[in-house]
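Accompanying notes for the structure given below.
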Amino acid sequence: MGDVAKGKKTFVQKCAQCHTVENGGKHKVGPNLWGLFGRKTGQAEGYSYTDANKSKGIVWNENTLMEYLENPKKYIPGTKMIFAGIKKKGERQDLVAYLKSATS
């Protein structure tokens, strides 16, 4: 799908301020992302989600993450993720590839 090394760079620049990826990592402003793939929205244990995230009910995978990361507030209206999104498809593909490798 994407380039893991480029995706890691994107994660560090755009995501790491609010998220961790390692097993047992702390929640920050956003939830720890370990185990993200195959998990339903709003399910990271110990993180306080909005009702919008909890009730969205989709399962995170390559396709749902590609859509969400383009415009988080459009995909889940009411999310507290303040990130505007990544418009470039290739950059999102790289990030999703990195997340898949780093969170499982």
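Backbone N, Cα and C define each Cβ position, glycine as well.
The N-acetylglycine feature in Swiss-Prot is assigned to Gly2. Residue environment of Gly2 (N-acetylglycine) contains 21 other Cβ atoms, counted within 10 Å of its Cβ in all protein chains.
In the structure as shown, the Cβ atom of Met81 (heme c binding site) sits within 10 Å of 19 other Cβ atoms. Taken from Swiss-Prot, the feature heme c binding site covers Cys15, Cys18, His19, Met81, and the record attributes it to experimental evidence.
The Cβ of His19 (heme c binding site) has 21 other Cβ atoms within 10 Å, all protein chains considered.
One way to see the shell of the heme c site is to take the Cβ centroid of Cys15, Cys18, His19, Met81; the remaining same-chain residues with a Cβ within 8 Å of it are Ala16, Gln17, Lys28, Val29, Gly30, Phe83.
Ranking the binding-site residues Cys15, Cys18 by other CB atoms within 10 A of the CB puts Cys18 at the bottom.
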